[in-house]
Each structure stands twice: as structure tokens, then as C-alpha cells.
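See structure below.
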Amino acid sequence: MAISYQLEQTSSESRARLGKLKTPRGEIQTPVFMPVGTQATVKTMTPEELKNLDAEIILGNTYHLHLRPGNDIVREADGLHKFMNWDRPILTDSGGFQVFSLGKLRQISEQGVEFRSHIDGSKLFMTPEKSIEIQEDLGSDIMMVFDECPPYPAEYDYVKESMDRTIRWSKRCLQHQKHPEKQALFGIVQGGMYPELRKESALKTTELDFPGYAVGGLSVGEPKEMMLEVLNTTIPYLPEEKPRYLMGVGTPDYIIEAVRMGIDMFDCVYPTRVARNGTAMTRFGNLTVRNAVFQRDFQPIEEDCDCYVCQNYSRAYLRHLIKANEILGFRLLTWHNLFFLIKLIKELRQAIADDNFLAWRDSFYKNYQN
């Protein structure tokens, strides 16, 4: 078995839980946030800096790395870890979400998806088998099944057909996997915003006995209340002894609520993307540093933050860098945002360990506005 999960503690007042995910490249404390390294880099950060921020695992993107530089080149480099000089665990997504969100003029069949590259318009065909082959070339520690991610909103019949297809594709991924002892393969629960389809997907996916399970197809434009309601009805059908991963979620309030419901793993481009838009994440909510109000503001992003950025630079300087389109500005805001989110997860874990998660959550929300 490539990974093993150990449930260590469950909150007495919610479904929040602490665990350890053991992989060939190290142990991960859960809950955990995974910074996204789409193109074999977490934008503007070096692997060494990510380690200093205590990032335990990062995410790589199958679709993007297949198109550029090509999974054959990554394989020749002896895998993604060597290629990007990262010796901690890596999770790769299956490329499914990107095929459905970025791929132009896509055509879905039982075999797979035909689409056009968002880079040069060339015609490509992705199948469950192809996705697994690419992820095996990349050499990630955790792979994901190739799934169909339906849009929001979508009609019941379409989502049902899509969900059934994802189950069939999941079986094909399992059958095509060559080295389950080296690389874990997680299943993905779909079903759109329909609780009965989510239940059906969860039950059928868990029958396939994956070492971990993701909840996909959420945070795709639906209202927050709907997303949390669907998540809450899905999680009870996932086994307690396996890790649970909520795909594409990375704001503090969503993470806290999902942890309360029993989610262990998160990934999102949010902290790095908003940094490049000139926004800093804080425990009081987002701070749009590029705004004119910070032109003469010489205090740090957060007074009590002990990250490198807050210890050394002012809001005024960061605003100047962002307005001047200087790379350092985007880099420093990315640094702060990742530090903030990883530290938040550490505090959250400590609150679960102390069995006062709900009190900690209420205290956080008193200040936080988003």
C-alpha cells in the first residue's frame, strides 16, 4: 500500500478530526492545506521557501504538465519530485477539471473526452487510462481518478449520466493502475448539487475500495449555503478510516466549516491567485493592498503576524510594488498568504487536539469578514 491513514482524534462536539497520512515521502498531519503547483511550481515560490512555510504536500496538475513540458520529459527527469526539486509528497489531479473548464469545444464519449488545447488549439483526447499513464509518468504519491466535473447549474438527468460515467471511468483507472504499492489512487465523489446523487456516487465509489476519497464538483459557482449543505450530506457516506479530500477550496471560512464536517485535505489556487491580484489574506478578512488608502500606511499587513513579510515590509511598500507591477510584490503577498493559511490550519489542528474546536471557530469568526 502506497499510503496509510491513521485517525488520531475526533472532536467531541463536531465531526472535526486529526489524523496522520503516511506516504513514501513522509508523514502528513491532517487537516492539511496543499498549495497548488500547477506547472511544477507554486507561483513565485521556491521549494525551499515552501518547506520553510511548513507546506507538507503540494499539488501538481496533470493537464498542464501533459501539455507543457510534456509528461515524457518529466519521466526522463526521473519524475516530478526530481524535476522541481521537491522531496515531500505530491498529489496530482487527474486533469478532468481542466479538460472541462479550459478545454475548448470538448466532446464527451464513453471512451473519454476530445478537446482542444487552451495553448495552441491542437486536438487532444483524454481517457481514464491516459490520465493514469500521465500521472504515473509524473510519479506523484497520490493520483486522482479521471472524472467528469459537471457545471453549475446543471439538470438532474445530465448530472446523473455524468456521475454514472465517472463511476465507470473510476473502475477503468483502477484497472489501469500499474503500481498501487508506490502510488495511491483516490476516488472522487460527484453528483452536482443533488443530495441523492451525491449519496449514490459516494456509496458506489466507496465500494471500489480506494485508499482515499475526494469530494469533487463543489465550489464551482454555487451559493455557499448550497455547497456546505451538499458537503454535509455527502461526508457521512465516506468511510471514517480513509482520508477525505475537498477539491478546490481554500478560503478560511470554507476550510473551517468543511473541517467541522470531517474533511481532512484541501487544495486551492486562491491564496496564490489573490496575491497576484494585490490582495492579502488576514484574520480580519481580505486586505486589498493595491487600494489607494494604503499609499501612506507604513504598518505591516497584520500587526501580530510573524511571517517574513510582515516582519520586514509595510502596506505602503507592498502597494507600491503591486502598482508598479513588480514581481517582488506578487511574491511577498504569496509568501504571506501561504504562511497565513498554513498557520491557520496549525491553529485549527491544535483546537481539535484541545477539544475546543467550536469555541476556536467562534472566536475566529468574531473578527473575520469576507
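Placed from the backbone N, Cα and C atoms, the Cβ positions cover glycine too.
Feature annotation from Swiss-Prot assigns active site, proton acceptor to Asp93. Secondary structure from DSSP puts Asp93 (active site, proton acceptor) in a beta strand.
If you look up Swiss-Prot, you'll see Asp267 marked as active site, nucleophile. The C-beta environment of Asp267 (active site, nucleophile), restricted to residues of the same chain at least 6 apart in sequence and closer than 8 Å, consists of Phe33, Met34, Pro35, Val36, Leu59, Leu91, Tyr245, Met247, Gly248, Val249, Gly250.
Residues near Gly96 (substrate binding site) in space but far in sequence (CB under 8 A, at least 6 apart, same chain), listed by position: Met126, Ser131, Met144, Phe146, Asp147, Glu148, Cys149, Ile188, Gly216. Summarising the annotation, Swiss-Prot assigns substrate binding site to Asp93, Ser94, Gly95, Gly96, Phe97, Asp147, Gln190, Gly217.
Summarising the annotation, Swiss-Prot assigns Zn(2+) binding site to Cys305, Cys307, Cys310, His336 and lists sequence analysis as the type of evidence. For His336 (Zn(2+) binding site), applying a Cβ distance below 8 Å and a minimum sequence separation of six or more within one chain yields Ala275, Ala280, Met281, Ile301, Cys305, Cys307, Val309, Cys310.
If you take every residue in the region 'RNA binding' (248-254) and average the pLDDT, you get 97. Taken from Swiss-Prot, the feature region 'RNA binding' applies to 248-254 (among others).
Under the heading region 'RNA binding', Swiss-Prot lists 272-276 (among others).
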Message = Suppose the Zn(2+) site is Cys305, Cys307, Cys310, His336. Which further residues of the same chain have a Cβ inside 8 angstroms of that site's Cβ centroid?
response = Pro300, Ile301, Glu302, Asp306, Tyr308, Val309, Gln311, Trp335, Phe339, Phe340
Query = Within 8 Å of the centroid of the Cβ atoms of Asp93, Ser94, Gly95, Gly96, Phe97, Asp147, Gln190, Gly217, which other residues of that chain place their own Cβ, given that this set defines the recorded substrate site?
reply = Val99, Phe100, Met144, Val145, Phe146, Glu148, Cys149, Ile188, Gly216, Met247
Remark   = Same-chain residues at least 6 apart in sequence with Cβ under 8 Å of the Cβ of Asp93 (active site, proton acceptor), in sequence order, are Leu59, Gly60, Asn61, Thr62, Tyr63, Met144, Met247
Span of Asp93, Ser94, Gly95, Gly96, Phe97, Asp147, Gln190, Gly217 around substrate - largest C-alpha separation, Å = 15
Inquiry  = According to DSSP, collapsed to three classes, what secondary structure does Asp147 (substrate binding site) have?
reply    = coil
